[in-house]
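**Q** Quick one: this structure, given as structure tokens, is what I'll be asking you about.
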Amino acid sequence: MLQELSVTRGIIETFSRELLDYTQVDVAVVGAGPSGLVAGYLLAKKGKKVAIFERKLAPGGGIWGGGMLFNKVVVQKDAKHILDEFEINYTPYGNDYLIADAVELASTLISKAVKAGVKIFNGIHVEDVVIKNGKVNGVVINWTPVEMVHLHVDPLVVEANFVLDGTGHDAAVVKLVAKRTDCCRVKGMGAMWVNEAEKLVVEKSGEIYPGLFIMGMSTAEVYGLPRMGPIFGGMFLSGEKVAKEILSR
Ligand code: 48H
């Protein structure tokens with residue numbers, strides 16, 4: 001016979017065990033948007049212990065709504081290998097573009113990241129960082145609802161060798177480091193210029209402070225790069241670049 005208590009205990013026991021296990025990770029990714037999911041997937045695939053902390057209930061970041069809620073996403077051909085790696089369908093458009101379905105893209109990135117070994121903690125917000133001896137050593141977390149209603153509740157800590165800021169327009173982790181150190185002034189992204197934006201966002205993604213890497217729109221926000229709108233190749237490629245840099249250490 002099904003028991004209420006078993007349902008409750010099953011949830012509490014399993015989640016608590018996992019959270020405890022993930023209090024120490026190789027890589028803590030903040031934000032489950034396209035850059036965070038690609039980076040997390042590639043790192044987990046190579047055996048790294050990766051946790052992604054996502055403040056919202058649904059991972060996927062800005063993918064779901066495509067452009068102006070037309071739920072299609074454009075990917076330039078340079079990033080075709082990422083769509084192929086994740087087995088995501090697309091329709092070629094002109095010579096340079098591939099069009100993917102936003103819902104398939106978001107759900108598949110999430111699913112493949114999880115199956116590769118990434119642990120996604122949703123509803124958890126990164127509110128601070130650990131800095132020791134001039135290096136970011138972890139993230140300070142709390143439940144999103146605690147932050148939303150401004151409850152006076154102290155956070156907990158996850159220790160990480162590397163922290164990745166994949167928080168998109170928020171550039172949330174970099175802003176925290178900027179507040180605490182002389183590093184990392186956030187300039188705010190520039191006006192739309194797709195070609196430049198897609199090139200520069202990949203070029204500039206990488207380590208910005210010892211232990212802290214930026215990628216995706218966080219990079220554009222930090223360096224004042226132009227924005228690109230609903231084209232996602234640069235998000236994938238910047239996540240890939242950061243994952244490769246970390247793996248090379
Ligand atoms: C936990 C947090 C916190 C926090 C935020 O915005 P995203 O999709 O991020 P990217 O950079 O991978 O992709 C950007 C893309 O979606 C986009 O907006 C583009 C291409 N815009 C172009 C343009 O011209 O505007 O996802 C970031 C995620 C979100 O899910 C947030 O909820 C989450 O990070 N997040 N999670 N703790 N402090 N802050």
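Placement of Cβ uses the backbone N, Cα and C atoms for every residue, glycine included.
Reproduced below are the annotations present in TrEMBL:
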type	residues	note
BINDING	S35, E54, R55, G62, V126, H152, V153, D154, M217	NAD(+) binding site
BINDING	D154, H169	Fe cation binding site
BINDING	R227	glycine binding site
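Could you give the neighbours, burial and distances for every feature on this list?
**A** Annotation note: V153 (NAD(+) binding site) sits in a coil segment as assigned by DSSP. Cβ-based neighbour count (10 Å, all protein chains) for V153 (NAD(+) binding site) stands at 11.
Here D154 (Fe cation binding site) comes close to no residue that lies at least six apart in sequence on the same chain with a C-beta under 8 angstroms from its C-beta.
Of all Cβ atoms in the protein chains displayed, 16 besides its own lie within 10 Å of the Cβ of R227 (glycine binding site).
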**Q** Taking just the CA atoms, what is the gap between R227 (glycine binding site) and R55 (NAD(+) binding site) in Å?
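**A** That separation, Cα to Cα, works out to 23 Å.
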**Q** State the count of C-beta atoms found within 10 angstroms of the C-beta of V126 (NAD(+) binding site), not counting that atom itself.
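**A** For V126 (NAD(+) binding site), the 10 Å Cβ neighbour count is 26.
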**Q** Report, in whole Å, the straight Cα-to-Cα distance of H169 (Fe cation binding site) from S35 (NAD(+) binding site).
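**A** Taking the Cα atoms only, S35 (NAD(+) binding site) lies 12 Å from H169 (Fe cation binding site).
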**Q** Between M217 (NAD(+) binding site) and H169 (Fe cation binding site), how far is it from one CA atom to the other, in Å?
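**A** Rounded to the nearest whole number, the Cα-Cα distance is 6 Å.
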**Q** Highest CB neighbour count within 10 A among the binding-site residues R55, H169?
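**A** When each Cβ's neighbours within 10 Å are tallied, R55 leads.
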**Q** Under a threshold of 6 Å between Cβ and any atom of ligand 1, which of the binding-site residues R55, V153, D154, M217 are retained?
**A** R55, M217
